[in-house]
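Novice: Sharing a structure below in structure tokens format, with a few things to ask.
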Amino acid sequence: MIDTRLPLTDIHRHLDGNIRAQTILDLGRQFNLSLPAATLESLIPHVQVTANEPDLVSFLSKLDWGVKVLASLDACRRVAFENIEDAARNGLHYVELRFSPGYMAMTHNLPVEGVVEAVIEGVREGCKAFNVQARLIGIMSRTFGESACLQELEGLLAHRDHITAVDLAGDELGFPGSLFLSHFNRARDAGWHITVHAGEAAGPESIWQAIRELGAERIGHGVKAVEDRALMDFLAEQRIGIESCLTSNIQTSTVASLVQHPLKTFLEHGVLATLNTDDPAVQGVDIIHEYNVAAPQAGLSREQIRQAQINGLEIAFLTPSEKQALRELVAG
């Protein structure tokens, strides 16, 4: 279902949610860390979703082993590099990798700014090696509170020229966007784009807040937007993109089934909705699965899938000239 004449993008992809099981095993051994299993086969159930989780917080716990083995800055550089290698293997032309430097740093008390630098370096090396274009989105992990998010913001600002956008992710219900107004004021002052996880665990009001108070240009997941007709109209009229992640929303029990997923409704309503992975290694999926398996099961027609692919570049955090250059590159 992928149109090979168009750029293939993944603009909602967590770098720290895409740490290979083999890499977790390798780093665990390298740093003599205690892992829940000693072989790759027995480790996978601990680091990958094998059945739908009851909620988002339970799903997020599957990510923890990936960051628990990041005992050095070089380990952070390695997983960033491997993220680009994975993107190339999936046939992606352009990827936006988002990461929470505080989350990656916390287990082994790494310097947050150093983690940011290591990720930048790994991505740069990967793009050069595998001929993939990438941009970085810094995440503030709301779950850890306002002060921790401020630390993340400071670490990202130290390398502001290498960061394209900032995001707010984590426990949406427990830590609403209203707690982070000053953080986003500074992010906008830095000239960054804004995307926010909203309407995943909380309702449409969380999406409104992300747009009106935090300045969101795009919304991560946003599945609850369908509950508010005025919001749907606003998203379409203002060209505020939705970063849809089909399989992820089922695995987190955010949506009961693919048939009930709102992506088809978004596209029918003229919302610039897209197809993305979210946390590929944890989910056990890739972008090809989302296009060829998940999207048809969600009721999307071939033309709607193509439109979602077009939208992926349309709402990417690239300049118009960069988008056109990518179109021409793929068209040959």
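Residue 1 is the first one shown; counting continues down the chain.
Just so you know, glycine gets a Cβ as well, placed from its N, Cα and C.
Just lifted these from Swiss-Prot, have a look:
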ACT_SITE  Glu200  active site, proton donor
BINDING   His12, His14, His197, Asp278  Zn(2+) binding site
BINDING   His14, Asp16, Gly170, Asp279  substrate binding site
SITE      His221  site 'Important for catalytic activity'
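So where do these features actually land, and what's packed around them?
Specialist: Glu200 (active site, proton donor) counts 23 other C-beta atoms within 10 Å of its own C-beta, drawing on all protein chains shown.
Same-chain residues at least 6 positions away in sequence with a Cβ under 8 Å from that of His14 (Zn(2+) binding site) are, in sequence order, Leu63, Leu97, Arg98, Phe99, Ile139, Ala169, Asp278, Asp279. Secondary structure at His14 (Zn(2+) binding site), taken from DSSP and collapsed to helix, strand or coil, is strand.
Secondary structure at Asp279 (substrate binding site), taken from DSSP and collapsed to helix, strand or coil, is coil.
Applying an 8 A CB threshold to same-chain residues 6+ apart, the list for His221 (site 'Important for catalytic activity') reads His12, His197, Ala198, Gly199, Glu200, Ile242, Glu243, Ser244, Cys245, Ser248, Asn249, Thr254.
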Novice: DSSP on Gly170 (substrate binding site), three-state: which is it?
Specialist: coil
Novice: Which one of the binding-site residues (Gly170, Asp279) has its C-beta surrounded by the most other C-beta atoms within 10 angstroms?
Specialist: Asp279
Novice: If you count Cβ atoms within 10 Å of each one, which of the binding-site residues His12, His197 comes out on top?
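Specialist: Within the set of binding-site residues, the most crowded position is His12.
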